[in-house]
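I have placed the structure first, in the form of structure tokens, so that the comments after it can refer back to it.
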Amino acid sequence: MERIDSHVSPRYAQIPTFMRLPHDPQPRGYDVVVIGAPYDGGTSYRPGARFGPQAIRSESGLIHGVGIDRGPGTFDLINCVDAGDINLTPFDMNIAIDTAQSHLSGLLKANAAFLMIGGDHSLTVAALRAVAEQHGPLAVVHLDAHSDTNPAFYGGRYHHGTPFRHGIDEKLIDPAAMVQIGIRGHNPKPDSLDYARGHGVRVVTADEFGELGVGGTADLIREKVGQRPVYVSVDIDVVDPAFAPGTGTPAPGGLLSREVLALLRCVGDLKPVGFDVMEVSPLYDHGGITSILATEIGAELLYQYARAHRTQL
């Protein structure tokens, strides 16, 4: 199967898949499978992330997949497919997370890696469980306005602020090989980062990122992660809401879109084994700019996967 050629069919035509990739609902033997996770039952504020995968795919036809001054296109280097969406109940979070974990585990038994597009961040715990099942305790690069290492709220076990706490508690993550970038804003309690820091996670706040810059932060990531299998999770709210307004919990003072894309180039120096781009809520977007950025982030991650796993780059 091949991508839809934009010189044959205009970019606004045909049924939208991520970056016009072929659709294969039962993928086998691919380098990276793109999978949608349309769910927002873990959202604590503004809903709408369940519509994120649909919006991202719709805008992703804009992106060709051949970067300037990069030589061969991403899809000339790795074999990718869009497998559609995971069928997730909107009524029960425990069932949704279990369903996502089972589906993602199945993908990794037949394919090398996945890029999950969401959907709220609660589903990342399902991804971590699936990837750790294959690779053991993971290094993690986590871009977000929030640490997402909160305890459970409102009597439930999960929400979109808990995935990395579960990941550390369940030993899916090696916290000594985890870096969080872009953390900022207001929190319910002054000890909101104590859990992450107390377990050895390197937290780079948005203010510290401003001091380190892209290069200094990338060096820190390379040093912390090394060549361990690494999962990369991007919450779109890491970006300043001036550039990514379409999200559920926006936080002013974030990174520029250009800074995020530049920082992700260091992923090609690592050993990536899975990705997600989460928390796009198109209900609050303007002109599709958040979904376009989410596509660019996904495209960058796919290219960096190719760079990490293909020696000719």
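Any Cβ shown, glycine's included, is placed from N, Cα and C.
Owing to the predicted nature of the structure, the values given are computational and were not obtained by experimental measurement.
Look at D235 (Mn(2+) 1 binding site): DSSP puts it in a strand. Per Swiss-Prot, the feature Mn(2+) 1 binding site maps to H121, D144, D148, D235.
The feature Mn(2+) 2 binding site is assigned by Swiss-Prot to D144, H146, D235, D237. All protein chains included, D237 (Mn(2+) 2 binding site) registers 29 other Cβ atoms within 10 Å of its own Cβ.
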Please report how many Å separate the Cα atom of D144 (Mn(2+) 1 binding site) from that of D237 (Mn(2+) 2 binding site), as a whole number. 6
Compile a sequence-ordered list of residues in the same chain as H146 (Mn(2+) 2 binding site), six or more apart from it, whose Cβ lies below 8 A from its Cβ; state 'none' when nothing qualifies. G161, I183, G185, D235, D237, T249, A251
Show, in sequence order, which residues other than D144, H146, D235, D237 on the same chain lie with their Cβ within 8 Å of the centre of the Cβ atoms of the Mn(2+) 2 site. H121, L143, A145, D148, G182, I236, V238, T249, A251, E279
What are the other residues, in sequence order, whose C-beta lies within 8 angstroms of the center of the C-beta atoms of H121, D144, D148, D235 at the Mn(2+) 1 site? T124, H142, A145, H146, S147, H160, G161, P163, F164, S233, D237, V238, M278, E279
Indicate the candidate from H121, D144, D235 with the smallest number of other Cβ atoms within 10 Å of its Cβ, considering only these binding-site residues. D144
